[in-house]
Every structure is written in C-alpha cells, then in structure tokens.
C-alpha cells in the first residue's frame, strides 16, 4: 500500500513519511475545565489569563461562539438584578444605594473591559500550540525545543550516501559508480573502492562523463539520470524527466559515448518523443525501450530502431507495469528482463481492456502540461486511470519472450498454471543456458507456484507449489529478492540453484534450492530471528550468503553470513548491541556499504567482508551535524517494551517528554500504521512529527506494532487475514487501557492518529472503542472500505469481496453511532490521491450525514496525491495535526449537548466587541 511499502519493506515513509532523548517543558495542561460551576468573575479572570497566555498565537479558523464552558449558564445576569428589593422590605439607605450602584458600575466596567481585552487578545478556537510555564519540568532546561519546521525540513535528517556498486567488466569487485562528489574529477566516474582513498592516485578511476550537460544538434541535454553500459563505453542518459506515478516516469533518452564525450538520441528518428523505460543488454550492445506502451530495440551497431511490438496502447502495455503492478507488485517501473547472454528479452504483456477506470480530477493544476481547449479553461483536468478495485476485473498478464537473433516474439505454455483471470506474475529471474524462473500466485495471493521455462526448447513446467493458506492461513508477499546460484563444480556446486525466502517453523527463513527443479530446499537459517528482504549479497567464490535479520528483538536489524551448506553462521555486525543496520554489497560481495541507522547518530562506512583476505574500512559519513544538534536540543526519551495481549507479545515504543516527571499527568497520543507485515516500532534514529509532539508539545507518544505487523511471527501475522482492523484495533485499545491506568497518564486526554493504512486503523480503533478509551482521532488519507482499494493489495489480505463479503462489511468504517461517541475526530485527504481515492472519505462523510453525526472536522487538499504535498499542503497537514491535537487536549473540542442561545448582557458585550474587532480588521 502506497507510502506503506516503505513500512512493509523496512524502508524509511513511511512516509511516508517515514519514514533522540529528553526535553524541558511538558504538555499544555494548565487550563481548568471545571470552570462551568465557577463564578462569573473567576471565569472572566481565568479566561483573561488564558488569553494573555495565548497572546501572539496565529488565528487558524473561526471562533466557536457556543464554547461556553467558562460560563455558568444556569444564572442570568441582568443590570436590574442589583436593584431588586424584596417585597415588604425596608427601603435601602441612600449612601448604601450609591455605594452599591458604584460597585455595580465598577464591576460592569471591569467586566466590559475584561471582555474587550478578551476579544482583542484572544484568538480562535483553532490554536497554535504553546508551552505553559506551569509545565516546565523540575529538572530544568536541557536545551532548545525543536520546531515543526525543523522536523519537516532537512535539519534533522541523517546524511545518507547512496553507493551504486558496479560489476567490473573483467570481473573486478569493489567498483562503485559516483556522481559529482566534492573534490571529484568529472561528473560521472567509476572508482575502485580501495584505491580511491589515495587522492594522489588515479588508479582504478574512470571518468565516464566530464560534465552533466552535452549538446546534440544544437539542443542542450541536461542529465536527470544515467546508466553506464556494463562495458563502461557508453552511458544511457535520461533528460527532462517527468514523474508519472510513484515509481514511473517519462523522459528523453540519449546515448553518450565515453571516448568522444558526445551524445546522440536513443531513437534518432523520434528524438523528441518521450520514452517510458530503457535498459541495457548485459552484453552492452543494445538497449530495449518502451514508448507509448510499445517495445523497441536499438542496437549500438546501427542507428535504426527495431519495432518489437506495435499493438500497444491505452489497454495494452508491453515491458512496463500498469498502475496496480507498479504499486503493489514490482514497486518499480520495469516489467522487462534481459537474459544474461543478451539473446533474449522477457517482458510482460498487460491487457487492461476489462479494467474499470477511475477519474482523478485536478482543480488547480494541469499535470498533463497541455492547455485546455478554448472555452474549457474553467473546467478541472481529468485523468482516467485503469484501477482495479477489490472484486473488479484485474489486468491479464502474460510473460512473453523476444528472440533477438530471430526477431520474433513467443510464449511458452506451462501446464497447470493459473488461468488468465486468476494469475499474478510477481517475479521473473533469468538463470543460465536459456532457463528462467517465474514466480506466480493466484489472484488472492495464497497459492504460490514456481515455473521453470527453457526458452531454447520453448518448454516449461511447474517445479514448486506451496499452498500458504493451507499452511498457516496466510499469504504470499510479492518480492524480487530471489538469487540465482550458478553451478560451479570446483566449489562443490554441481547444479544450478537459487536462494529464496520460505516459511519455516513459523518464520521467514532462507533456503537453497538446487537443482532448479528441486522442490525440497536446504534451510540455511533457523531460529527465532526472521530474515528481511534477503539475501542481501552472495559471494560465489567463497560460497557465502549475506543477509539481514530482525535480531533477538524485532526492532533490531543485524547482518549475518552463512555458507551454502547452512554451516558457519556468523554475525557481521556487533550483535551484543541493540542496533539497526542495513547493508548493500559489491557485485562479488567482497565489500559492503554498512549503514548504522540507530538508535544513536547514524553513520556509514565501507568495509571489506570478513571473508575478504584484504581488510579495508573507510568511514564515509558520521553525521557530525546531528551530534552537535543533539547537544543543543532536548528530545524525547524512548522506552521499548512488550505488552502481552491474548498471548501475543507486542512491541511497544513509548516516547516520553524530556525531564519526564512520573508525578505529573500527561496526555497520550497513539501513533500507528499497522498494515500487514509492516513495522513502526524500530531502533532507527529519527526526529519526526512524533518527536515534536513528545519533545515540544510535551505529550507522551505510544506506538504499538499489533497483530498483523511484521517480524513477530507468522501466527500473529496470518491472524488478521479476512478481517482487517479487527485484531489490530483491539490491540491498540487494550494497550491504551493499560496506559490509561498508569499514574502519569491523564486518561481523559487520549488520542490516536495515522496516515493511509494508519488512517484506516485510526478510524477503526475509535469505531471499535466508542469513546471509552480514546477521546480523539486524526486520520489522514484513510481507507474506509476495502472494496474501494486496489484488488491486488485488498484481496491479498481480505480475499475477494465475492469470497468474503462479511469480512468486507465488518472491516468497513460504518458504525456511525460509535464514532459519535468519541469527543471529536479529524479526517484529511488529497483530492488527487491516485492510491487511496478520496471516494473513501466522501462515502464516510455521507454515512455521517445520514446519521446526523457532526463531531468531526474535515480538511481537503486540492490536487494533492497520497503524499499530500501540493501547494504547501505537506506543511499544512502537519500544522493542522499539531494544532488540532493541542486544541483537543486543551478541551477545545468538548461537545455541548443541545446548545441554546445565550442572550445575556455579557454575550451581547462579547458579540459587540467581536463585531467591532471585525469591522476594524476589515
């Protein structure tokens, strides 16, 4: 799911979005919410004090004039009340009467002045957060507080160098591709990792491009991306890149000759036409590319372009994925695979003719870049995308092959494979001698087959089949991490094979299959730890596999190696420390870029692997700027722990405000994502929105990786299938109850928030909870009914709606009565969200309207996609989250049942002052 692949694949976004320790102030909890029974004078004074405290706050929205909790509405105050004489009583003495009248007028004058000051100094109900002096911890200040701008900008982002390891043309290991670094020579270079430390030596360094610009026929080409050929003689250049969806883009492509430092169009006959994808042959003699959904071949020996397909168009795609395959299967823009010998190309043919379209409207922008027709300037631009929702027709995909020598396309029939309407192709892996492995699943992603195809004989067969639903009730995640292991009799490998991730004893483990058609593997890893996106590297000479595991604790990541026979399991990183690493390996796995991601300040270094006879180490990033900032700022402290719910040990992260005082009462915000296989509780360093909430606003932030999330076992993972939201919401609520019972938690101020799947989980949790534990919720870009989400993702975890209608009904956000029992909730969505359509939010609003539910706020972001970043929207969404949360915990959203007009003198004075203020501001 969207920004969520990052989570499910252990990436940064989160999010999106992805994706420290200790502070100086606590939460804003100085307001007294019991003032409804206080006297008018105390109420006014209290309100003025709070107004003074709020002075300088920016106005965010209209004031709610029905917010009367500072007033005693049971008492009517009128000027005549002071002159009331009981019947039959003695006339009042004149001097006493004068004194009383004087006191009355002084009181009225004071009250009127107080109201005027209140109106002119206070601000709207929608407030910007500030810190109360009452909440400064007794421990004193430990440093500056971070701002929202700090966490939304790049000040706290670790610097991260991306090294592109490059296989040497002559088998060299440890070569890397670098672009325009400090003190470098040339825009694009290939360098030997060992010799580059010697700045006086040019050994092992090849300059491929001196500059990032060149001229072709009078046109200046500016490089957007570059891909050197395997022989390092030519560079494939992309210019004028234009983003399409999350991973796909178009642009102009060029061939740049390294010797002459000159360029030419990839297709000289169509220089200005935009291309969707281009990739090198392993022999460096040709480039295959897709344009207008058709495939073409350019051999470097000729300027002519060979047409491979010609019937591609709106409904038929060749070599590139459609929207749903790009998003949910490949997480990329390519569906083209070169054979190692350069004689064949495998590619997907995608038929979308039966897939329904969904319209994306753009009200402000025109992403097409085209001017509207005359008279249509005031109409929104509409882009129709082929988007298969759950239960709708899927694109039909076929694997086809192109024989370059014969110039023909062919397919290979495989007996007993899935039929067209029940087939997903999720990985294609070339082996040797014309063999290719194809990983397929059924539509619901719970039966896996591996087919072996021989393109030389044009035959194929199924070599492995696994029923995951029967095994543990789970599903198959699409991955592209399988590694081919070629035969090498001199190294005790008589047959070809491959290394894959399999389910073993309830965990994801590595397995070695050899020969290719052997369905019974050798299990390489065992035990409590689970492998993550592995294998990461393979050393064919030494017979070693390198991989990353979620270590002794699920929030850790460590790097290990093991031999092909399953022996000599060794850690590469220091497993005695609770840390989070990731790694990338050189082509021969003799060197590695080791990334320490946390919990301390991240660093990067290039190392030789333990099996390398020539030890090497070079630190390339220490993030000293973050070390300096940590000495100046106060950040939250983090507490990692487990909470047992229904027999499952769930990872929990509690962020505590700096100078945490266990004798105080803190509001609590739960932050979650919670999607299947995802992880949010980890030991990566990060200063994000949650850090701001804990460190600057002074609230406790709790994150729970509940059932269905990753790296806590398949039993927990598979349990959620067919009923998304049920167990996950229960876990959030049960953990929240435990936190509400803690002596340092204010149980009357608890909120929950999330984005995308986390938005769905926010609404599901407050729906299930019905206001008993969580009073507030904030949902960004939420799914509200899985029938509205794309078929491949939704059906993987929910089956089809036809197969599981009750599950879809139960998972949908539909209990409006329960939502009405919360104090208030917030929903935000981008109108141009191509991933989680705004249809989700709009249909929920319709349900709320029909049920007369109004305890919510909505913010819609015009033309923003799932990331919500168009026209300042990224900053606005987090500002709104922060301000709304502060108002919630300040009690600004407390409901008033059956509000009635208040026509008292003081309300009239307040109204008059407000009108006066409005008149003069205008």
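Cβ from N, Cα, C; glycine included.
Of the candidates 49, 351, Swiss-Prot marks one as N-linked glycosylation site, and that one is 351. Considering 50, 574, the record held by Swiss-Prot lists 574, annotated as N-linked glycosylation site. Cross-referencing 79-99, 100-120, 121-141 with Swiss-Prot places the feature transmembrane segment at 100-120.
When the active-site residues 756, 833, 866 are compared by Cα distance to residue 351 (N-linked glycosylation site), the shortest distance belongs to 833. Distance from the CA of residue 756 (active site, charge relay system) to the CA of residue 815 (N-linked glycosylation site) is 20 Å. Of all the active-site residues in the list 756, 833, 866, the shortest Cα-Cα distance to residue 574 (N-linked glycosylation site) is found for 756.
In this structure, the CA atom of residue 756 (active site, charge relay system) is 8 Å away from the CA atom of residue 866 (active site, charge relay system). Between residue 833 (active site, charge relay system) and residue 866 (active site, charge relay system), the C-alpha separation comes to 5 Å. Residue 351 (N-linked glycosylation site) falls within a strand when secondary structure is assigned with DSSP.
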